[in-house]
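Notes follow the structure.
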Amino acid sequence: MPSNATNPPSGPRPTATKERALAPDLGRGFMLLLIVLAHAPIYLFMSETFMLTRPLGENRLDDLVNLISLLFVDNRAYPMFAVLFGYGLAVMVTRQLDKGVPEAKVRRLLRRRSWLLIVFGFLHLVLIGGADILATYGLSGLILGWLLFKPERAQRRSMYLIGILYLIFIPLAWFIMYPIMTGVDNMIGLTASHTYVQLATEHATAFPIVLLFQILLYPMLLIIAIGIWSARKRWLELPDRLRPQLKRIAFSGIGISLLGALPYALVGANLWHPQSGAISWLLVLHIFSGVAGGLGYTALIAIIAISVRQAAPKVTNTLAAVGKRSLTFYLYQEAMLVIVLSPVALGIGGKLNSTGAFVVAILIWLSAAGLAAWLERRGWSGPADALLRKLIYRKS
């Protein structure tokens with residue numbers, strides 16, 4: 001058999017399973033737990049007073065759940081997702097270039113992947129009815145794709161510029177938007193009378209607004225740019241060599257995240273009642289400190305990946321199995337939330353509070369972990385992940 005080195009590359013190819021690093025898959029598996037915990041309260045459609053996506057507690061246990069969620073989950077799940085997304089884009093581009101694929105083909109591959117994520121996100125939002133973030137990452141890939149081919153210095157400068165723009169825009173935007181969006185109803189406007197067709201129609205109409213909302217009112221592009229830059233340092237591929245640096249990032253990132261989240265979390269837990277005008281600024285602090293939280297969580301997972309396989313192989317393999325099939329189980333979790341909680345299906349969300357939503361989210365994630373472990377034992381990919389790869393790497 002001739003060596004690959006003597007033959008020209010046949011074209012872009014997906015990453016083989018044996019090439020996968022453990023830390024990114026562990027991170028994605030943990031990230032999906034955070035996402036389902038963050039999204040479940042959205043479907044509590046009979047709660048009267050919301051802080052955006054989270055209803056105020058009806059009892060002490062609800063207040064405790066809100067406190068924990070606002071400290072560790074809300075505005076911390078999507079930053080971790082965004083870091084891993086940017087990191088994954090950079091790894092994909094680097095590996096294709098290392099295989100000898102021409103840069104023009106890699107750019108085309110990247111654009112195709114981004115457009116497919118937008119399509120998947122639209123179908124998810126309309127047909128499943130979940131809280132979509134796929135399309136936002138697809139749009140982010142189109143906006144930031146050029147950055148993947150730039151030197152490290154240009155990437156750092158771009159991060160600084162994007163960060164400055166967000167620091168100017170986001171506080172002003174939330175100061176205007178927060179009073180309009182909170183206090184009387186849940187963020188997505190679900191009611192007990194909603195039907196599937198009505199929800200699908202509303203989501204289709206709102207799709208462009210959802211994209212702009214997520215790109216502009218959250219520092220999404222900044223976090224993805226940080227993920228792209230961090231791939232140059234190979235944080236998740238060589239965590240054993242970078243352990244001291246990762247420890248500093250984990251400690252400082254999670255510490256900043258907790259300090260920045262605390263004021264808003266105290267409001268959400270009914271432990272502090274500042275003037276309404278101050279809450280928007282507390283939310284902005286919560287959002288920006290979540291950037292540090294996402295980085296800290298990612299670094300912590302990389303540290304854990306160094307030794308956890310030997311210490312707890314079953315847990316590690318299960319978590320990694322979920323992460324390998326992150327698209328499939330993201331869609332699965334969102335579909336289960338809609339089926340169990342939404343008024344268009346079982347409607348249990350009309351009878352639950354924050355604590356109940358927390359329990360439902362945990363059960364959904366555990367079911368996803370069980371399914372992922374079953375697929376892993378049989379050597380099967382997640383169907384949505386396999387479809388996306390097939391569409392991305394089809395012959396062009």
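Heads up, residue numbers simply count up from 1 along the chain you see.
Backbone N, Cα and C atoms are what each Cβ position is placed from, and that goes for glycine too.
The domain 'DUF418' feature in TrEMBL is assigned to 231-395. Residues or ranges marked as transmembrane segment by TrEMBL: 29-46, 77-95, 115-148, 160-181, 206-229, 249-272, 278-308, 329-349, 355-375.
Same-chain residues lying 6 or more positions outside the transmembrane segment (278-308) and placing a CB less than 8 Å from one of its CB atoms are 22-23, 26-27, 30, 34, 51-52, 70, 74-76, 78-84, 87, 167, 170-171, 174-175, 177-179, 182, 218-219, 222-223, 226, 230, 235-236, 239-240, 242-243, 246-247, 249-261, 263-265, 267, 315-316.
Comparing 29-46, 160-181, 329-349, 355-375 for CB pairs under 8 angstroms to the transmembrane segment (77-95), the maximum falls on 29-46. Contact between the transmembrane segment (29-46) and the transmembrane segment (206-229) is not supported: fewer than 3 Cβ pairs lie under 8 Å, counting only residues 6 or more apart in sequence.
Taking residue pairs at least 6 apart in sequence, the transmembrane segment (355-375) and the transmembrane segment (206-229) share fewer than three C-beta contacts under 8 angstroms.
Only residues 6 or more beyond the boundaries of the transmembrane segment (160-181), in the same chain, are considered here, and those with a CB under 8 A from a CB of the stretch are 52, 187, 216-219, 221-222, 225, 276, 279-281, 283-284, 287-288.
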